[in-house]
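According to TrEMBL, the active site, nucleophile annotation covers C63. What TrEMBL lists as active site, proton donor/acceptor is Y194. Feature annotation from TrEMBL assigns glutathione binding site to W96. The compositional bias 'Basic and acidic residues' annotation in TrEMBL covers 312-326. Per TrEMBL, domain 'GST C-terminal' is recorded for 168-298. The region 'Disordered' annotation in TrEMBL covers 1-22, 309-349. Per TrEMBL, the feature site 'Lowers pKa of active site Cys' maps to Y252, Y295.
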Amino acid sequence: MRAGPGRVPGPCPSPSSERSGIVRDSGVFQRSASHFTDRITADGRDGWPVEAGRYRLVVSRACPWASRSLVVRRLLGLEEALSLAVADPVQDERSWRFTLDPDDRDPVLGIRFLSEAYEAREKGYDGGVSVPAVVDAATGRLVTNDYQRLTLDLSTEWGALHREGAPDLYPEALRDEIDERMEGIYRDVNNGVYQAGFAKSQEAYDAAYARLFARLDQVSEHLAGQRYLVGDTITEADVRLFTTLVRFDAVYHGHFKCNRNKLTEDRVLWAYARDLFQTPGFGDTVDFDHIKRHYYVVHEDINPTRVVPRGPDLRGWRTPHHRQELGGRPFGDGTPPPPPPSSEVVQPL
Ligand SMILES: N[C@@H](CCC(=O)N[C@@H](CS)C(=O)NCC(=O)O)C(=O)O
């Protein structure tokens with residue numbers, strides 16, 4: 001199924017534009033909905049049954065939406081079942097490309113650009129090409145780019161392939177609370193930083209900035225007394241907050257003008273983010289080099305020189321966080337994941 005209206009079609013946009021959304025007349029950045037919303041499920045009702053080795057997850061380690069799926073895949077131990085393609089953090093006019101691989105081709109899909117999988121799915125497709133994307137390896141066709149649903153399905157539909165000791169990231173009894181938290185965090189924080197960064201009017205920027213820091217203050221207060229966002233274990237809500245916090249000082253604070261304060265200046269959120277970063281499955285998916293190069297090089301309209309800043313100093317991420325004093329059981333009745341496969345190891349800090 002192809003859902004929702006596509007982005008305004010047209011010639012290949014320049015790499016400097018944010019191609020996953022439009023800026024309205026009011027100057028407000030509006031994110032477009034995912035176009036391909038088929039689901040990979042245990043019963044295969046959309047024609048895509050969960051199957052070990054059948055699909056390829058295409059990500060950029062720079063992208064916060066794709067990084068959710070990187071973390072969840074690690075926590076659930078799906079690395080063998082769902083293989084990984086990592087795109088170059090810097091897109092060109094044909095969007096995401098596999099220039100980190102030998103011969104500039106993804107070795108499994110045999111393609112040079114992710115757009116080829118979109119085209120295989122829909123001939124003449126002229127909408128946005130985004131990560132994360134899941135591709136059917138045998139046919140080379142895109143299955144889904146619905147990042148909101150993808151991680152929830154990895155938790156709830158891929159259960160037969162989870163590792164032993166995998167945590168329950170979306171426990172049934174807590175779903176309402178998790179959904180509610182995630183909704184506010186999505187609107188004001190995950191997407192809020194983009195609305196500040198891509199605002200084309202002072203009013204739009206001011207509004208996004210105000211909502212962002214009001215929400216961060218509220219979340220910080222909440223997390224002062226408990227280790228995780230919902231319940232006493234890591235859930236999907238923590239994954240989604242983490243992927244924005246880990247980028248905050250490196251890109252959002254300067255590049256997106258989210259500069260009331262740095263993450264490191266909020267005692268609670270900084271300790272919370274460090275706690276997760278040091279938890280297996282989180283920090284070992286993060287590549288700050290990819291993150292910085294993507295934002296500062298690709299968004300030419302807000303950083304015309306494309307100069308990538310050297311800072312911030314990242315060594316603080318490894319310092320003690322003391323959050324265990326709040327209790328909490330990170331993996332509930334489960335266990336932490338083992339180290340990533342050698343092919344997926346990211347340069348340590
Ligand atoms: N709105 C996107 C959400 C994911 C997303 O925005 N990914 C960004 C990277 S952080 C992307 O791939 N952008 C490429 C582009 O817009 O050309 C979608 O359509 O699914």
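Glycine is treated like the rest: Cβ placed from N, Cα and C.
Note that the coordinates shown come from a computational prediction; the quantities given were computed from them, not determined experimentally.
Within 10 Å of the Cα of Y194 (active site, proton donor/acceptor), the following recorded positions from the list C63, W96, Y252 place their own Cα: Y252.
Long-range Cβ proximity for the residue listed as 'glutathione binding site', meaning a same-chain Cβ under 8 A and a gap of 6 or more residues, is found for V58, S60, A87, D88, F113, L114, S115, V129, V131. Only C63, of the recorded positions C63, Y194, Y252, Y295, place a Cβ under 6 Å from an atom of ligand 1.
Using a 10 Å Cβ-Cβ cutoff, Y252 (site 'Lowers pKa of active site Cys') registers 25 neighbours. With DSSP classes pooled into helix, strand and coil, the tally for the region 'Disordered' (309-349) is 11 helix, 0 strand, 30 coil. With respect to their backbone Cα atoms, C63 (active site, nucleophile) and Y295 (site 'Lowers pKa of active site Cys') stand 9 Å from each other. Between the CA atoms of Y295 (site 'Lowers pKa of active site Cys') and Y252 (site 'Lowers pKa of active site Cys') there is a gap of 9 Å, rounded to the nearest whole number. Around Y295 (site 'Lowers pKa of active site Cys'), a 10 Å sphere centred on its CB holds 23 further CB atoms from the protein chains shown. The residues of the domain 'GST C-terminal' (168-298), classed with DSSP into helix (H, G, I), strand (E, B) and coil, number 94 helix, 0 strand, 37 coil. Cβ packing within 10 Å was compared across the active-site residues C63, Y194, and the lowest neighbour count falls to Y194.
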